[in-house]
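Engineer: Dumping the structure here so I can ask a few things about it.
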Amino acid sequence: SVSSIVPESCLLIVVGLLVGGLIKGVGEKPPILKSDIFFLFLLPPIILDAGYFLPLRQFTENLGTILIFAVVGTLWNAFFLGGLMYAVCQLGGPGLNHIGLLANLLFGSIISAVDPVAVLAVFEEIHINELLHILVFGESLLNDAVTVVLYHLFEEFANFEQVTIIDILLGFLSFFVVSLGGVLVGVIYGVIAAFTSRFTSHIRVIEPLFVFLYSYMAYLSAELFHLSGIMALIASGVVMRPYVEANISHKSHTTIKYFLKMWSSVSETLIFIFLGVSTVAGHHYWNWTFVISTLLFCLIARVLGVLVLTWFINKFRIVKLTPKDQFIIAYGGLRGAIAFSLGYLLDYKHFGMRDMFLTAIITVIFFTVFVQGMTIRPLVDLLAVKKKQETKRSINEEIHTQFLDHLLTGIEDICGHYGHHHWKDKLNRFNKKYVKKCLIAGERSKEPQLIAFYHKMEMKQAIELVESGGIGKIPSAVSTVSIQNINPKTLPEDRALPALSKDKEDEIRQMLRNNLQKTRQRLRSYNRHTLVADPYEEAWNQMLLRRQRARQMEQQQLNNFLTVPAHGVDSPTMSRARIGSDPLAYEPKEDVENLPIITIDPASPQSPESVDLMNDEPKGCSGLPPSPEEDEEGLVMRVKEPSSPGTDDVFTPGPSDSPSNQRMLRCLSDPGPQPEPEEGEPFIPKGQ
């Protein structure tokens, strides 16, 4: 019940305090956490476990944000805290006046870095969402390079009589050497480990040993040249994992996983217990002004750094960091044993105030681990921060993830923007074409990513079934993938494997058929040939097109002859007014046979031959004004009489071939110039 309220790291420190007090009570000298033991034996297992099982996708997608927090944020904390502490020492009285600027900057570089051990211990228990976890944890991993550079830089500057600009520039360049050198060392050892695992198929027992051996050699090689050992461990774990897991057996993979977890858990327990014991056993020099100022300025620098950097980062992020996220990032900046060990490494000759530094460091560690570590869980619940979703990865999710990656890569190529999707795709292609063939043995090097993921999922599901006792529930038709996992086929050496065989295609189809979500009902697919057509739509379209063509031809002829255009068609109201003024000048038609007729053949409404629009005369073109009957009745639509079996629809002359229609067509093609009416003639001429 206590561990649900108090983090495990706090309880371990309390146990260390009790053990140290007990040892001191019986008259013995309690052991102190020496820096060599910490950096050589206790820290590497924790970092290797974090680097080997690092969520690579979330880490790479947020790499820019993590680097800004780790590099710029740590530099800001170190110089802000060191400068303010120097001011406090100058104003703090006779006990602090002798502490110079370099000593305060060194102290600021030690206390400013977020500790990965403390962050892991606290954040694993509160189950925060993946984004916040990878931001804080990634910052704690990558700020090691900045801490190492600043620590060694100020330690060396303390031995100099005078620091020149060249020394400062060399110190700035050493940051790139330390960080990139550590990554390079880790990549080299990771590739060697992956290449070695290619030839261990006959000695499965020692496969896990190569992973631990090459990782530890990467760490020692980096520390030997004063490079970042933590960066080397992370790089080696990230590089070797996909190739090593493809080569080693499943038992070796399980051994690596649980041995790393156990080893890192034991190291973490020893670190926090030794922190408690060292607090009781060490020499302390308490100065209220220095300790309280350190604690206060640590909090202020962290909050200001997160707020300013997040304001800058949100200008470039698609998923913005909300104020709740900023609060958790600022509140999760825990300090731990790395700061204590770096402080313990200080030399009394150059830093006589080492005991006071250690006292302030232990106070900050206890405050961040106890106060912030104990209150972050209720604050996460109070602010309703999104928790981590414990969901199993599925084939459906993997397919859509790969599809979106390809889609975003294509969009970047079309836009001409070379973003991280473009370079990720280039790296994947290079990895698939060259690196996999060299580092992965056998058929696995040509295996598609989806099939490899499916192998892993089936193996995991089978193990869970066996462990839960549900082996009797396995269906009788065992999939081919399970059989291949249990009894792998040995292919002849001279056989040339195709890029993707027929069995693989059938396997992929079967896999998709079994794992993709099944829709509840099948909807009829859209087909333009099965749509119900409107019988009048084609006729109206033809009529409108012909009217528009007639108006264009009339306008063109009028423009060619440079004549005044004919009087437009009057509205029915104007026509009635003119008829009322001069009835004799207007003679309406007696027959209605010349009304525009749209004939429609119901048998085939879409055929163009079924529409007869030749009687659709433009009013005013035949020389007659529109009659009132036409205005009132408008268009008349009649059904076409079915033709007799012996007649030909194409060659039999129809009503559209009459002389009047031909005259109308000639009128449309060439209306000719019309004389202007003289003064004595009536406004509307009599019928012709």
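Just so you know, glycine gets a Cβ as well, placed from its N, Cα and C.
Note that this is a predicted model, so its numbers are computed, not measured.
Pulled these features from TrEMBL for this protein:
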COILED    502-529  coiled coil
DOMAIN    6-380  domain 'Cation/H+ exchanger transmembrane'
DOMAIN    478-559  domain 'Sodium/hydrogen exchanger regulatory region'
REGION    599-688  region 'Disordered'
TRANSMEM  6-25  transmembrane segment
TRANSMEM  37-54  transmembrane segment
TRANSMEM  66-89  transmembrane segment
TRANSMEM  101-122  transmembrane segment
TRANSMEM  134-154  transmembrane segment
TRANSMEM  166-196  transmembrane segment
TRANSMEM  216-239  transmembrane segment
TRANSMEM  260-282  transmembrane segment
TRANSMEM  288-314  transmembrane segment
TRANSMEM  326-345  transmembrane segment
TRANSMEM  357-380  transmembrane segment
Engineer: Mind looking up the mean pLDDT for the domain 'Sodium/hydrogen exchanger regulatory region' (478-559) in the predicted model?
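Structural biologist: In the predicted model, the domain 'Sodium/hydrogen exchanger regulatory region' (478-559) has a mean pLDDT of 65.
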Engineer: Do at least three C-beta pairs under 8 angstroms join the transmembrane segment (288-314) to the transmembrane segment (357-380), pairs 6 or more apart in sequence?
Structural biologist: yes
Engineer: Residues sitting near the transmembrane segment (66-89): Cβ under 8 Å, six or more positions beyond its termini, same chain?
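Structural biologist: For the transmembrane segment (66-89), the far contacts come to 59, 96-97, 99-101, 104-109, 111-114, 134-135, 138-139, 141-143, 145-147, 150, 289-290, 293-294, 297-298, 301-302, 304-306, 309, 312-313, 329.
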Engineer: Verify whether three or more Cβ pairs under 8 angstroms connect the transmembrane segment (134-154) with the transmembrane segment (216-239), leaving out any pair fewer than 6 apart in sequence.
Structural biologist: yes
Engineer: Should the transmembrane segment (260-282) and the transmembrane segment (6-25) be scored as in contact, given a threshold of at least 3 Cβ pairs under 8 Å and pairs 6 or more apart?
Structural biologist: yes
